[in-house]
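Here is the structure we will look at.
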Amino acid sequence: MQRIGDKPTTRRWLIGTGVALSLLFLLLPLVAIFAQAFAEGIGLFWENLSDEYTLAAIGLTLFIAVLTIPINLVFGVFLAWLVTRFEFPGRRLLQTLIDIPFAVSPVVAGLVYLLLYGRTGWIGGWLDGHDIQLMFAWPGIVLVTLFVTCPFVARELIPLMQAQGAREEEAAVTLGASGFTIFRRVTLPNIKWALLYGVILTNARAVGEFGAVSVVSGSIRGETNTLPLHVELLYQDYNTVGAFTAAALLALIALFTLAAKAGLEWRAARREEFR
Amino acid sequence: MSSTTLFARAASKRVLPGFGLSLGVVLLYVSLILLLPMTSLIGELSQLSLAEYWAIISEERVVASYTITILAAAIAAIVNAVFGLLMAWVLVRYDFPGKRLLDALMDLPFALPTAVAGITLATMYSSSGFMGRLLAPLGIEVAYTWVGIALAMAFTSIPFVVRTVQPVLEDLPVEIDEAALTLGASDGLAFRRVILPLLWPALVTGTGLAFVRSLGEFGAVIFIAGNMPYETEITSLMIFVKLQEYDYAGASAIASVVLAVSLLLLLALNLWQGHFVKRLHGGKS
């Protein structure tokens, strides 16, 4: 049966336009990042990469990701369990609240943290009296990163856990399994791939966050400079090759994220076929 | 019936364990990470009188930034509505070599850090960049104009339309095409009169999300914008500038406007979608 838009000319025309526009708007910038990074040869690329401040920025970025991912992983699992396995008043409100970080401008996210924990803020003022500084130091970066990435794991888990339903877990309860056993033996195997993808997304955003982090970090070279901030710093210094070297690292993480997503989807599709 | 008894009654029906624990963890986390910081904005704003607040948010330079941000975001959203619909259609309806790669490529703007997208677009479209050099003879200036702002916004919000329309298009049954075509409709007519109305809610939601995201976009835009007062300054940058001048009250006032607009738009999208679903199911949601 011929479907709408299946005439050979229409088909060719639509695919051609779509592919051409995607290459122009999506693939070309990606190629440009690597072209710029290697513009002055591989020697300068390595030199830029092994720069003291670049290494410090990589270290800090990894450190932030290592701290935020587990926290938001645990939170995301608890949230998904709560809203898909129980009915309670305020459930919808909670689901809406959790989407706020998606809608809020990153600069505004940074601002609200600065207001609360900065020296003039009501918690920040108290902390300052006790010589604890959160803003313009790494704990501030961790806090805003937690804020901007908190919905990712839950967003991946909720639709899946809703679709799967609670029957298997209920059966486990009847057989007398404890809560933790149920989670480990029944729920976790069912959600592990979605969970993994949630973690990968959290990682991508935690590593790449710019707006919120730049508000609270103070961008001190070698101290509170994450990789995206370092990209900006080098770019403002007219060190284009250096900036694109750091950008190429971040682009590699993005490519890994896309590959992981495609891989996990391919896996899920194949499992559907076998069923 | 008081809310506590309602709560207790519902709780007794729960079979699965962990309600108390997960509710506790979630509420604690949401209060600490989401709600508490948001209240600080209200605290900061309460220090301003209404007249001061109005003076800040209606300052000429700030109003110019609203206009630029909203116009550029609207153009980006419309461009993405067309491009996103085309890509969703091509990816769902046709098979061709490289389709899987193209599908994966659609998510690039979400995966790529915004600052990276920003410096890349700025370099490509500057007068010395290879896209800029191509466009200059045609009299098109992208970098440091509102066109560049719209381009950066469009880049970062491409996935919204594609990924909201794609699943709906996948779920449309073959019979719809059959019915339209056997009745002799042309492709264009059948698409416009039969398929588009069914895709409409997803298309509007995706476009709306792209618009909201563009309003708040910062990292991708500031590099290509040039940031000239009254001309290419976006609202997020105005907040950032005020913060660098330690004018927290001013930053909060402008932030409250951005926040209110994006939350209202999200709410409107949700309500509209709910209303549409209700109409589709004959008054029952």
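Glycine is treated like the rest: Cβ placed from N, Cα and C.
For B:21-43 (among others), the entry in TrEMBL reads transmembrane segment.
Residues annotated as transmembrane segment in TrEMBL: B:63-92 (among others). Among residues of the same chain six or more beyond the transmembrane segment (B:63-92), those with a C-beta under 8 A of the stretch's C-beta atoms are 99, 102-103, 106, 146, 149-151, 153-154, 157-158, 160-162, 165-166, 169-170, 199, 203, 206-208, 210-211, 214-215, 229-238, 257.
What TrEMBL records for B:66-269 is domain 'ABC transmembrane type-1'.
If you look up TrEMBL, you'll see B:104-123 (among others) marked as transmembrane segment.
The transmembrane segment annotation in TrEMBL covers B:143-162 (among others). Only residues 6 or more beyond the boundaries of the transmembrane segment (B:143-162), in the same chain, are considered here, and those with a CB under 8 A from a CB of the stretch are 68, 71-73, 75-77, 79-81, 83-85, 87-88, 91, 106-107, 109-110, 114, 117-118, 121-122, 125-127, 129, 132, 203, 206-207, 209-211, 213-214, 217, 220-221, 223-226, 228, 231-232, 234.
Long-range Cβ contacts of the transmembrane segment (B:198-228) within its own chain (Cβ-Cβ under 8 Å, at least 6 residues beyond either end) map to 69-70, 72-74, 76-78, 80-81, 84-85, 113-115, 117-119, 121-122, 125, 142-145, 148-149, 151-158, 160-165, 167-169, 172, 176, 234-237, 240, 258, 261-262, 265-266, 268-269, 272-273, 276-277. Taken from TrEMBL, the feature transmembrane segment covers B:198-228 (among others).
The transmembrane segment annotation in TrEMBL covers B:248-272 (among others).
Beyond its flanks by at least six residues, the transmembrane segment (B:104-123) meets 87, 91, 129, 143, 148, 151-152, 155-159, 162-163, 217-224 of its own chain at Cβ-Cβ distances under 8 Å.
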